[in-house]
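Quick look at what Swiss-Prot lists:
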ACT_SITE  66  active site, proton acceptor
BINDING   62, 64, 182, 253  Zn(2+) 1 binding site
BINDING   66, 67, 253, 313  Zn(2+) 2 binding site
């Protein structure tokens, strides 16, 4: 099962000609999950190999404009491109409290009626995620009625035992959110692929006298079969070790995690995506504004024993290497060196718009 991440926007604060506002897509077998949706994300999607109509889930890390102002426009474009008869499953949208009302207000004020259903699930933040004066209580707007295509979403509270939020638990994935510290409540997401049955052991099947055909499929799917001689063959008799799932972790803007839940959820991540807005010489400024530097990101990655660190959300002063004029590339390359020095020279990737990173199946 193929899995990859496409970066649509790797810049901080606002979109520019060289770096779009924050957005990336996790793609698995054709299904696309969008993480953040800064202004201009739909245009970036059009320039990529991805199809907006394949998006089934959207995750918003926090409610700063450069991470979600592109959402209403994207939803409208998906609607316009979908035609009048749509029977698709609802698009599931996850984000902090306030996101549901934002979408509702933009749809109401623009007299927009989406042709597809959607559901907004809101994460309730805690007081230790940002400065006290910035934490706002959820305010329910006085709605005359719900948009016709909006389903009833969940209000997701922090699990006090695990210090995380359970967002998705289906046949393939478990997705949990964890708290980050920023100027406003921000979240990170851990996407874990569930273990899959191991491959069939052809030699054992032959030795046990299992004939090729439907019995193979049943055993592969965890169902025992009875042979003509009355012998029962269990899946564990003929299956190799289960294939361990992959783990991708995506952090929103932050100057740190609130507790150790983030470390636990990101432990041994195959891919850890972390912001690095400013270089290490500006660490005090970064922390003041709730952001990270390469050293801070790499320290977290090292604590998690992440297998690969990707830095993103760069200040627009840091041009991509390929697009920087002579001498300008030094700044972005220095960020890479700063992170690698913490990770004992383990290679660190600098995200660029339209970069695609594959996450191979574990052997």
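Using N, Cα and C of the backbone, Cβ positions are placed for all residues, glycine too.
Annotated features, which come from Swiss-Prot, shown on the structure.
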residue: 62; record: Zn(2+) 1 binding site; CB count, 10 Å: 27
residue: 64; record: Zn(2+) 1 binding site; CB count, 10 Å: 22
residue: 66; record: active site, proton acceptor; CB count, 10 Å: 23
residue: 67; record: Zn(2+) 2 binding site; CB count, 10 Å: 27
residue: 182; record: Zn(2+) 1 binding site; CB count, 10 Å: 25
residue: 253; record: Zn(2+) 1 binding site; CB count, 10 Å: 26
residue: 313; record: Zn(2+) 2 binding site; CB count, 10 Å: 30
Non-site residues, in chain order, whose CB comes within 8 A of the mean position of the CB atoms of 66, 67, 253, 313 at Zn(2+) 2: 12, 13, 21, 22, 36, 38, 61, 62, 64, 252, 275
Zn(2+) 1 site, defined by 62, 64, 182, 253: further same-chain residues with Cβ within 8 Å of the Cβ centre: 61, 63, 67, 180, 183, 184, 185, 186, 252, 254, 290
Length of the line joining the Cα atoms of residue 66 (active site, proton acceptor) and residue 253 (Zn(2+) 1 binding site), in Å: 11
Residue 313 (Zn(2+) 2 binding site) versus residue 253 (Zn(2+) 1 binding site) - Cα distance in angstrom: 8
Spatial separation of residue 67 (Zn(2+) 2 binding site) from residue 182 (Zn(2+) 1 binding site) - C-alpha basis, Å: 13
